[in-house]
Each structure stands twice: as C-alpha cells, then as structure tokens.
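Enquirer: In case it helps, TrEMBL gives these features for our protein:
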DOMAIN    A:90-300  domain 'ABC transmembrane type-1'
REGION    A:1-20  region 'Disordered'
TRANSMEM  A:35-55  transmembrane segment
TRANSMEM  A:88-113  transmembrane segment
TRANSMEM  A:125-149  transmembrane segment
TRANSMEM  A:169-194  transmembrane segment
TRANSMEM  A:232-253  transmembrane segment
TRANSMEM  A:273-301  transmembrane segment
Amino acid sequence: MTTSVAAATAPSGKPGRSGKPRAANLLKMLPLSPAIGLMLVFLAGPIIYCIYAAFTNMALTGTGAANVTFVGLDNFRKAFGSSAFSNAIWLTLLFTLLSAIIGQNTLGLGLALLMRRANKLVRNFVGTAVIGAWVLPEVVAAYLLSAFFNDEGTLNVMLHAVGLPGQDWLYAAPIIAVSLANIWRGTAFSMLVYSAALSEIPKEIEESAEMDGAAGSKRLVWVTLPMISRAVLTNLMLITLQTLSVFGLIYAMTRGGPGTKSQTLPLYMYEQAFSFSQIGYGTAIALVMLAIGAVFSLIYLRGLNSEAA
Amino acid sequence: MIARDRLSKLTSNLVLLAIGILFVLPLLWVLFASINRTAGLRVEFPTDPTLGNFKAVLNTDTTYRPVLNGIVLCGGSALLTMVCAVLAAYPLSRFKSRFNRPFLLTVLFCTGLPITAVMVPVYGLFVQLNLVDTIGGTIMFMATSSLPFAIWLTKTFMDGVPISLEEAAWVDGATNMRALKSIVLPLMWPGIAVVLIFTFIGMWGNFFVPFMLLLSPERLPASVSIFTFFGQYGEPNYGQLAAYSLIYTTPVLLLYLLLSKKLGGAFALGGAIKG
C-alpha cells in the first residue's frame with residue numbers, strides 16, 4: 001500500500017526537458033512503481049518463496065512444522081517416483097490436449113469461420129450462448145455441468161432419446177466429462193480471438209483465391225490459416241496456460257475423483273499441500289507447474305517476437 | 001455457383017445452430033430448477049412453478065452478505081488493478097526508454113504464469129505476513145494476479161490515443177499526471193471500462209484465490225460460499241442451488257451486456273489479445 005500512496009503524491013517529471021536526463025528519466029518512470037511494487041511483493045515474492053520452500057520439508061503439522069530443514073531434491077525425487085504424481089501429469093496433459101488444444105481451439109476457430117457466413121440472427125444467438133457459458137462463474141458452471149453429465153442429466157436423456165445407453169459420466173469417464181466442461185466454458189475465448197483475427201483479413205485476398213478456384217478447405221489451409229497464424233499461436237499458448245491452471249471447475253465437479261481419476265496437477269498440489277499438510281512437497285509440485293507454464297510462456301513470447309521482427 | 005453458395009450458407013447456419021443449442025442445453029437446467037419446488041438433476045419444466053427457492057435463499061447468510069463481500073473484494077481489487085495499470089501504462093505508452101521493452105516482456109511473461117501454482121507459496125507468504133483471512137491482503141493479491149494482463153490491455157488501448165494533444169498540454173506546462181487525467185483518460189474511457197469490467201468479471205467467478213486466502217464464513221464472497229453452502233453436505237437442495245446460482249450470476253451478466261451493447265467490448269478484447 002505504501003508504494004501506491006508514494007506514487008500518487010510524488011511529483012512527476014516533465015518529459016522532453018532533459019536538464020538531468022538520468023533523474024528526469026527516473027521521474028518519468030515513477031508511475032510504474034505501484035504496479036512494480038505489487039508484482040514484486042505478491043508475484044515475485046511467492047515465486048522466490050516457492051523456490052525456497054520446494055527444497056525443504058516444510059509442513060503444517062509434524063516435524064516439518066516445528067523446524068524446517070533443507071532436504072535437497074528429496075521432494076522432487078519423491079514426486080517423480082510417485083505414481084500419483086505421474087497420474088496427475090498424465091491427466092493434466094490429457095485434459096489440456098482434449099479441452100484446450102483440440103476442443104476450444106478447433107471449435108473456436110470453427111465457430112468464428114462459420115459465423116462469417118451465417119445470418120445475423122443465428123450469429124447473435126450462438127454468440128450469446130457461447131459467451132454466456134464463458135461469463136458464468138466457475139463454480140456455477142461446474143454445478144450446471146455436473147447436472148448435465150449426471151445419471152439422470154440432460155446428456156443421458158438425449159442419448160436415451162436416440163437409443164444409446166447412458167451412464168453417470170462423472171463416474172464412468174470423469175476426465176472426459178471435465179474436459180467437455182472446460183470446452184463448454186472456455187471456447188468463447190478462442191472464438192473471440194479468431195473472430196477478431198479473421199475480421200482483419202482483407203476481403204479481396206479471399207475473393208481472389210475463390211476466383212482462382214480454390215475450394216473451401218484449400219482456401220482455409222493455404223490462404224486463411226497462414227494469414228492468422230499469429231493469432232493461432234497466441235491463442236494456443238494462452239488457452240494452454242489457462243487450462244493448465246484450471247482448479248475450481250474440476251474441484252467442484254469431481255474433487256479429482258472418483259479416486260484420483262480426474263486429479264490433475266493443480267488438484268494434486270492442493271491435496272498434498274493442504275489436505276496432507278505437506279507444504280514443502282506441495283510447493284515442489286507448484287514449482288514444476290510454474291516451470292511448465294514458464295516454458296509455454298517463453299515459446300509464446302518468442303513467437304510474438306519473431307513475428308514482429 | 002449461386003445455388004452452391006446458398007447451400008453452403010444454409011449448412012453453416014444449421015451447424016452453428018446445432019452448436020448453439022448444445023451450449024444452451026446445460027443452461028436450461030438452472031432456469032427450470034430454480035422455479036421448481038422439487039428440483040432434481042433432471043431437466044424438466046416444473047408443473048407448478050414457484051418463486052419459493054428464491055425466497056428461501058434471499059437472506060443475509062446465504063445471499064446478501066456473500067454478494068456484498070464479493071462486491072467489496074472484486075470491486076476493490078478491480079479498482080486497485082485499474083489504477084496501477086493506468087499509471088503503469090502511461091510511461092510505457094508515452095516515453096521511449098530502454099526499460100520499456102524488458103518490462104513489457106516481463107509483463108507478458110507473467111500473464112502466462114499459472115496463478116493456481118503460485119497459490120501454495122502465496123498461502124505460505126500470507127501466513128508469514130499475517131495476512132491470511134484478511135480482506136485487504138486478498139484484495140492486494142487478486143489485484144496483482146490480474147495486473148499483468150490489465151497493464152498489457154491498458155497500454156494497447158492507450159497507444160490508440162494520439163500523443164499530439166498531450167504535447168500541446170506539456171508545452172502549456174501541464175504535468176504528466178495532469179495530461180493523463182484530463183486528456184488521455186477521457187479519450188480512452190471505453191478502453192478503461194472494458195479492462196475494468198473484464199477484470200471484475202474474472203474476479204467475480206474466481207473460486208480458488210478467496211477459497212485459499214479467506215477462512216471466516218462471514219468474509220467469504222459468493223464464489224466460495226456457493227460451494228460451502230451447497231457442495232459440502234451430501235445431497236444439496238437443487239432448487240435453491242439453482243436459484244442462488246442465478247442470483248450470483250446476474251451481476252456479471254448485466255456487466256457483460258453493458259460491455260457488449262455500449263462498448264463492443266468482447267471484440268475489442270479479442271483484438272487486443274491477439275497482439
């Protein structure tokens with residue numbers, strides 16, 4: 001709080017008058033300080049703390065609570081040797097692949113493409129429905145979809161109607177159910193990004209491709225997609241990162257169960273750190289997640305950079 | 001050619017309509033169950049519609065206090081985010097400095113970090129700083145977690161305001177902060193509103209952060225209390241759960257409508273994200 005007060009009352013330098021360029025430059029940058037202060041304390045702070053705690057036996061109860069000691073790489077050895085951890089990694093990959101990379105991305109692009117050819121009424125209806133699912137609070141979405149996938153839920157009613165057998169999807173195929181839930185909830189984001197990208201393609205380019213006789217699918221692959229390649233990359237990275245951190249949706253739908261059948265990495269981390277009070281081990285898992293996030297984030301940055309250059 | 005065109009338009013419309021219906025289906029349950037005295041998980045239109053479920057949840061403990069807490073928490077965080085983001089975006093957008101590029105890259109990098117992963121160390125940090133179960137601490141963390149994205153968006157919108165007007169003001173002796181307040185902000189208020197409302201909507205739905213950092217039932221916002229009231233003790237009363245879900249969702253729906261009708265917000269956002 002002190003930083004924001006200081007910055008609000010501090011005099012700000014006048015630009016373009018460089019008596020003392022250094023001091024003037026610093027003054028010009030002063031309005032950045034509240035943001036930097038907050039991010040140092042509440043973002044950089046926890047990350048540094050995470051790097052420290054991941055190498056200790058810190059815990060909420062037991063020996064690790066009384067005196068915290070360094071245990072080196074023990075937490076990571078424990079993680080990579082544990083079947084629950086590899087189960088969580090595998091489920092996280094599956095969840096991300098199914099719901100983000102295949103589901104949201106493809107469906108979002110498809111919706112954006114179709115919407116350009118649809119009439120206004122249909123476009124508005126579909127846009128509202130898809131965005132409505134996105135605006136809905138996480139836990140509400142989770143309850144809605146729990147009801148949808150339940151034994152007597154809408155999905156089974158529909159399946160029965162066409163003569164297919166139903167089942168309780170949250171028990172039989174929990175990871176599929178939460179992936180579909182995440183597609184339902186998250187597709188709007190990809191749709192918006194792709195709609196914005198497509199709207200910037202000059203009409204003439206597509207028209208001339210059509211004149212030259214390029215068929216729909218050919219036009220998509222050779223003309224449209226290359227024109228929006230940057231949006232595709234940005235979108236893939238952002239939704240992957242969002243999907244890696246999904247917690248509330250899965251927690252409220254299945255709590256990671258039955259057993260550990262839908263326990264993705266965030267849920268495993270939560271269980272270890274808080275249900276089992278192993279803060280040290282929990283932060284080690286958090287560090288693994290941060291590392292995965294950092295790698296994706298860096299790829300995304302590089303992509304943006306090379307496109308801009 | 002024209003016949004084929006018409007056919008493909010028709011197919012597009014039909015496919016879209018089918019997808020739209022799939023997206024609407026889960027929503028039907030909440031609408032029907034909320035006015036059903038004996039709601040279960042099945043989608044059925046109640047034979048005897050009632051407002052009883054709404055009456056049952058409209059009391060201080062279930063609705064009023066959590067919603068008020070949510071407004072304080074998310075409103076406070078969104079405002080703090082916005083103030084910091086506007087202040088930070090100004091020098092980034094207006095002045096050339098060696099510092100800008102690395103800072104913006106760091107900000108972009110931070111938008112990618114999984115906040116969920118930071119929550120365990122944040123909890124540890126909050127214990128050390130004695131901030132667990134305080135509204136102030138939670139506000140500051142929530143504001144920080146949405147700050148990188150808000151800075152990025154705000155800077156993008158600010159770049160769209162021409163600098164020539166400010167140059168005139170500087171010549172007349174206005175300070176930067178004055179130019180920001182009386183020239184830039186009035187010109188970019190739609191952008192500000194977009195960022196503010198999106199930040200608020202994101203926070204309103206956020207479950208994990210307040211779930212971890214707040215403990216006392218009387219401080220919990222609606223996003224968590226909906227879970228503790230209905231999720232923890234066996235079979236919930238589905239009618240009341242549905243009614244409460246609708247009440248809790250209404251503010252963000254209204255904000256979203258405001259955004260899309262007045263500001264064309266969603267598409268502006270899509271444009272800003274794609275970089």
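A Cβ is built for glycine as well, from the same backbone N, Cα and C atoms used for every other residue.
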Enquirer: So if I exclude everything within five residues of the ends of the transmembrane segment (A:232-253), which remaining residues of that chain have a CB under 8 angstroms from its CBs? That is, six or more out.
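Expert: Distant contacts of the transmembrane segment (A:232-253): 92, 95-96, 99-101, 104-105, 108-109, 138-139, 141-143, 145-146, 170, 174, 177-178, 181-182, 185-186, 189-190, 193-194, 225, 262, 264-267, 270, 289, 292-293, 296-297, 299-300, 303-304, 307.
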Enquirer: Which one, A:35-55, A:88-113, A:125-149, has the most C-beta pairs under 8 Å toward the transmembrane segment (A:273-301)?
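Expert: Stretch with the highest Cβ contact count: A:35-55.
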Enquirer: What residues elsewhere in the chain lie close to the transmembrane segment (A:125-149), defined as a C-beta under 8 angstroms and at least 6 residues from its ends?
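Expert: Sequence-distant neighbours of the transmembrane segment (A:125-149): 111, 115, 118, 155, 168-170, 177, 180-181, 184-189, 191-192, 248-253.
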